[in-house]
Amino acid sequence: MILNASELPWDESSGLEPFFPLDHQESSTQPELPALTVWGVALCISGTLIATENAIVVTTILATPSLRAPVFLLLASLGLADLLAGVALILHFLFRFCVEPSDWSDLLTSGLLVTSLTASLCSLMGVALDRYLSLSHALTYGSGQSRRRAATLLLLVWLGACVIGAGPAMGWHCLEELSSCSVARPLTRTYLSLLCGGFLMVVVVTLQLYAGICRVARRHAHAIATQRHFLPTNPPYPSRHSSGKGFSRLILVLSVFVGCWMPFSLWGLLGDASSPPLYTYATLVPAAGSSLLNPILYGLRNKDIRKVLLHACCPRRSSNTTRTHYPVDV
């Protein structure tokens, strides 16, 4: 995706370059590669960090046979999608500063970013659905049938994401008709509007699932509080402090989720080719930053994944650690 920044007087001394290549201008001389800037270095570093974090999560899940529950399939899908987002940022850096940019490179990076962001957002919705089902159907969820359903759902998600991401390469772009460009060139305004409309629908569904999680958790807490009046001893149920800690984590996850995805989804619907590129930067960077935060909020925060990583780094220390399994980590 390339921003329409051809009319913006960028100051080369500021170290900022457009996040995506500018519109190509016809010239009789061979174009020179732009000088490396602070913005370009930050782009490469962020892409490398995103790819490294998510590669660790995906490798840990795939290399551990015990991590085959539906939640880990969803976390692997989320990590793979964010890994592709990091690779797309690195490729954009290479095409921008190391190789002469062309139309095919613009379409390649745009399609890869659209595919990765679509799969990432749908995987986040799948994680919310997994948490809801693991609480509301704690006795039956997690069986072999549930794993097969999760694998089938993820297959459909990735097929849909690949079809959507292939839109620009299949001709749904504005390289030949600049008047139809959106705030993110070479995507057309119609294409980006449909994409952002779908993003908003996924965000709304995800928020509804988390609202359902809160309702189920409150019912469970009320049932546990009622049982304590009739039990002779206090069983190791989660305390009020741990419940409050779980809700605070839930608020953090929702705040990051909405803060990362809502701005660009709304701006893609409201903006057009004449909109200031700075606004597109301000909304697109949080969406890409979601790929940097997801491994921490969803992958590395999972106790089972942390246990595997700790065992790989410090086998002696991890052999002495024990944990209590709960249906789901909120």
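Even glycines carry a Cβ here, placed using N, Cα and C.
Taken verbatim from TrEMBL:
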type	residues	note
DOMAIN	53-298	domain 'G-protein coupled receptors family 1 profile'
TRANSMEM	38-64	transmembrane segment
TRANSMEM	71-95	transmembrane segment
TRANSMEM	107-129	transmembrane segment
TRANSMEM	150-171	transmembrane segment
TRANSMEM	191-211	transmembrane segment
TRANSMEM	250-269	transmembrane segment
TRANSMEM	281-300	transmembrane segment
Mean per-residue pLDDT in the domain 'G-protein coupled receptors family 1 profile' (53-298) works out to 84
Proximity of the transmembrane segment (281-300) to the transmembrane segment (38-64), 3+ C-beta pairs under 8 angstroms: yes
For the transmembrane segment (250-269), what are the same-chain contacts with Cβ under 8 Å, counting residues 6+ beyond its ends? 121, 124, 182-184, 192-193, 195-197, 199-200, 203, 206-207, 210, 213-214, 275, 279-280, 282-284, 286-287, 289-290, 293, 297-298, 330
Top stretch among 38-64, 107-129, 150-171 for CB pairs under 8 A with the transmembrane segment (191-211)? 107-129
Before we move on, state whether the transmembrane segment (150-171) and the transmembrane segment (71-95) share at least 3 Cβ pairs under 8 Å, counting only pairs 6 or more apart in sequence. yes
Lying 6 or more residues past either end of the transmembrane segment (38-64) yet within Cβ distance under 8 Å of it, the residues of that chain are 15-17, 19, 72, 75-76, 79-80, 82-83, 85-90, 92-93, 96-97, 288, 291-292, 294-296, 299-300, 305, 308-309, 312
